[in-house]
Amino acid sequence: MATEHSRATARLMISPAVLLLLAWMIVPLALTLYFSFLRYNLLMPGMEEWAGFLNYKFFLTDPAFFSAVWKTLELVGGVLIITVVGGILLALLLDQQFWGQGAVRILVIAPFFVMPTVSALVWKNMFMNPVNGLFAYLAKVFGLPPFDFLAQAPMLSIIMIVAWEWLPFATLILLTALQSLDSEQLEAAEMDGASFISRFFYIVLPHLSRAITVVILIQTIFLLSTFAEILVTTNGGPGTATTNLTYLVYVQSLLQFDVGGGSAGGVVAIILANIVAIFLMRMIGKNLDA
Amino acid sequence: MSAITLKNVTKRFGDVTVIPGIDLSIEDGEFVVFVGPSGCGKSTLLRLIAGLEDVSAGVIDIDGADVTGTAPAKRGLAMVFQSYALYPHMSVAGNIGFPLRMAGESKEAIDKKVRAAAATLNLTDYLHRKPRELSGGQRQRVAIGRAIVREPKGFLFDEPLSNLDAALRVNMRLELSELHAQLKTTMIYVTHDQVEAMTMADKIVVLNRGHIEQVGSPLTLYNKPDNLFVAGFIGSPKMNFLGPTYAKEHGAATVGVRPEHIKISKESGLIKGTAGVAEHLGSDTFVHVHVAPDQMITVRTSGDSVLRHGDTVWLTPDEDRLHRFDAQGKAIR
């Protein structure tokens, strides 16, 4: 009886927190849904009227939409490939014994603490700038014409910036996973005649599969909503070369003042993110069982 | 089939010398056990032979060929680890076949050899399971299977039974001895458990702080220990060491006598004492007798002994079975 009572009391006690969190989530979602069915333009206050699915129709038939979906996937995929492969290599390197190990590990993790806006601006103005940037300087040293990264390869540049920010996260997770590998397994494989490469593919990589899954899942969630880096570097351009879904929603609602259309885009983005999440869980989520 | 010879093998970790120089020869087909207290360097010595650690000085020969600088895989030795070190994401068949796969053998050949090894180890029904679905004893057998498929020149065992429960350990001990009789391959076995050493070994190497204290057959070590360390380490319960007064009468600094070589009586004898705790094992009883405030002697007596705690008893050591040691702890023969 005592446990029944204490359980009921416990539920009562946590209910304010749960309700608050629920409201925090439900209210914006409900408002977004509501706005998405309205003709709601900030330039015409007081003129809101029911629009049905018109906003969705306009958003989904906009050629910019398909381009934005494609750009979003390009960005997420590119960053994932760079961070997972680079993260594994860096983790293997940092797992070795060397002088100054502690300091190096902290330095490697440091980029994660830099705000996205700041790091994107640093990359834009100090590295990629065709006049003053470090890369331009290096190109000149070798007698090559400087490369205007953000104009000539805008998506690749954004991918590089975002990958630079997320590489420490991937490295950190993969390094801890690597350190939990039983060294006797590696020694057994060595005795069994496995070369360094075979040991990596047969022992280390399978051991890391769960950590890699975690990295991919978490990063995908955050990368789908990449925004700050695009805003401060390319503004979605040139043209729509770097306009992803998040940026398109921003353009729609805050540059064209079309709150209704922007909300519809937001809802579409939520649905697409969920589709991606379901596919991801199907594909690699089984690694998390057991 | 191989003889292994160590010549002045030394191992240092930084400034710490773990093994100050060991000479040892292991004959072809022998079952050799390295035994000693923890931290005596026995596992390090095994890893040196395996090639998992590099020697600081000295030479290791296998079949007359110098393998001191050879990679572990090229030495032709197989090792069974204390944690079994099975590959968790591979099935039993995958684990056992891994060395063959690394050697680039064909699928059919691997399958045939894996099945043969599984049959000898009673693992045929488990070939498709993952290691985590197996019991401790089965995992142990998989680890052994992975070692035997390679048909190595020698086996190295690093405390392979220490993670098993007592009953299983006795079983696996028998199975390992059986396996050695079948394969007739050189085996080196590391343990801190002197019962394992006594029951399985052709030759025991007793190690203490990186030194070899004595090498010999189990019974040689038991009956003729070279020094106090071996005398105290081999045998369970431990040998009793009697004080200087009694030892002087026999011309030694210390005299040792095993529990089974002391007669216990309630009427008369050489040493008077008080019976303490009696451990009844059924076949035998071990009585711990207090002969002085800080000295206790363990005596083995028959299983139906009726001595009670606090009884006054008399002990008489068997004069012919005394072990005499000089002031340096060396045996006097």
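Cβ from N, Cα, C; glycine included.
TrEMBL has this to say about the protein:
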type     : residues  : note
TRANSMEM : A:12-37   : transmembrane segment
DOMAIN   : A:69-280  : domain 'ABC transmembrane type-1'
TRANSMEM : A:75-94   : transmembrane segment
TRANSMEM : A:106-123 : transmembrane segment
TRANSMEM : A:155-178 : transmembrane segment
TRANSMEM : A:199-224 : transmembrane segment
TRANSMEM : A:264-284 : transmembrane segment
Original post:
the transmembrane segment (A:155-178): which same-chain residues, six or more beyond its ends, come within Cβ distance under 8 Å?
Top reply: 71, 74-75, 78-79, 82-84, 86-88, 90-92, 94-95, 105, 108-112, 114, 116, 119-120, 123, 128, 149, 204, 207-208, 210-212, 214-215, 218-219, 222-223, 226, 229-230, 233-234, 241-242
Original post:
Taking contact to mean three or more C-beta pairs under 8 angstroms, with sequence separation of 6 or more, is the transmembrane segment (A:12-37) in contact with the transmembrane segment (A:106-123)?
Top reply: no
Subject >> Dominant neighbour of the transmembrane segment (A:199-224) in A:75-94, A:106-123, A:264-284, by Cβ pairs under 8 Å >> reply: A:75-94
Original post:
By Cβ distance under 8 Å, which residues at least 6 away from the ends of the transmembrane segment (A:264-284) in the same chain are close to it?
Top reply: 32-33, 36, 55-56, 58-60, 65, 69, 72, 213, 216-217, 220-221, 224, 245-246, 248-249, 252-253
